[in-house]
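TrEMBL lists 24-43, 55-78, 90-110, 122-146, 153-173, 185-206, 227-244, 264-287, 292-313, 319-338 with the feature transmembrane segment.
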Amino acid sequence: METEISNNQVSGEEEKMSKSLKKFLLIVNGAMLAIGNCGGPLIQRLYFLKGGKGVWISSFLQTAGWPFIIFPLFVSYLYRRRKKGSRAKLFYISPHLFLACAVIGVLTGLDDFLAAYGVSLLPVTTSALIIATQLGFTAGFAYILVKQKFTPFTINAIFLLSIGAVVLVLHASSDRPAHETDKQYFMGFFMTLGASALYGFVLPLIELTYKKAKQTITYTLVMEMQMVLSFFATAFCTIGMLLHKDFATIPGEARDFELGRAKYYVVMVFTAVFWQFFFMGAVGVVFCHSSLLSGIIIATLLPVTETLAVLFYHEKFRVEKGISLVLSLWGFISYFHGELQQNKKLRIRLQN
């Protein structure tokens, strides 16, 4: 858990160990991002399909799983305590980073509300394809904020993934629920698009925070930052719930939930778990690689989410969704082929 981003020179053995651990963490966080990205929207939509009506409740649940991070942080502290004794710090996060995470957390809370509003009105297949536009926003903001460099393979991947999303957008109106008005549909559409743009800004902003931090960034610190970020996002949504008096409606919603009272609370718990996997995985990928890769993984998983929505909610799977799946996989392969080529060139340069 002590993988570092540091400008200090390290020995070849330590560097090798650091790279190996970082690759492992990238795989773990990529898996968490995949689970959360696919499971989060599905179970969030289930809440609304079976009788849930609280947009602020759904927003709250997206980051309410932050206490789960306490367990790995506690394990990390015990490990440090065993190695360093009483010299081990309880927390690494500085006041500067704490404040930065608080601001990003409020932005994330707003993003949660926009996304939940969209999911409450749109099918998963439609909301997921709109979220795929996040890749374009992420690439643009990454270029502005962190001077992200683009290789031909990266540009090709962004192009293919974006085309895959556009193919779905062209047929999005065919998925509109029959009971919704044009106003509701377009409100859901633009709220989801706003969520996509805002999170496309948040990911590079997190990467910029890592780069501007006046301390060494370790994975333990990344978890601490994510816990603070999620806490403030949850606090933002809690204020919304209080103003909207949503806490008082929870017992009534549980009683009238189509799957039963007990399953209502199960859905709430798993919503929090899946979304915490998503957010922890996203910031973990940013730490291990870049905000652009995080955006590419999210976009690549779009067809998977679409397919799962068809299987579980019997939403329509049309030809364009199959085309989008092929384009997304092609884009993903293109990106990683480019990464392999870059790493190969770097190894040759270091050897010479």
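A Cβ is built for glycine as well, from the same backbone N, Cα and C atoms used for every other residue.
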Counting Cβ pairs under 8 Å that sit 6 or more residues apart, are there three or more between the transmembrane segment (185-206) and the transmembrane segment (122-146)?
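Yes, these stretches are in contact.
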Short question: which residues 6 or more past the ends of the transmembrane segment (24-43) have a Cβ under 8 Å from it?
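Answer is 3, 62, 119, 124, 127-128, 131, 219, 267, 270-271, 274-282, 284-285, 287-289, 294, 297-298, 301, 304-305, 308-309, 312-313.
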With an 8 Å cut-off on Cβ pairs and a sequence gap of 6 or more, do the transmembrane segment (264-287) and the transmembrane segment (55-78) reach 3 or more such pairs?
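They do touch: at least three Cβ pairs between the two stretches lie under 8 Å.
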Which one of these stretches, 55-78, 90-110, 227-244, 292-313, has the most C-beta pairs shorter than 8 Å to the transmembrane segment (122-146)?
292-313
Going along the chain, which residues at least six beyond the ends of the transmembrane segment (55-78) come within the CB cut-off of under 8 Å?
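Apart from its flanks, the transmembrane segment (55-78) reaches 1, 40, 44, 47-48, 88, 90, 105, 108-109, 112-113, 115-117, 119-120, 220, 223-224, 226-227, 229-231, 233-234, 237-238, 240-241, 244, 246, 249-250, 253, 268, 271-273, 275-276, 279-280.
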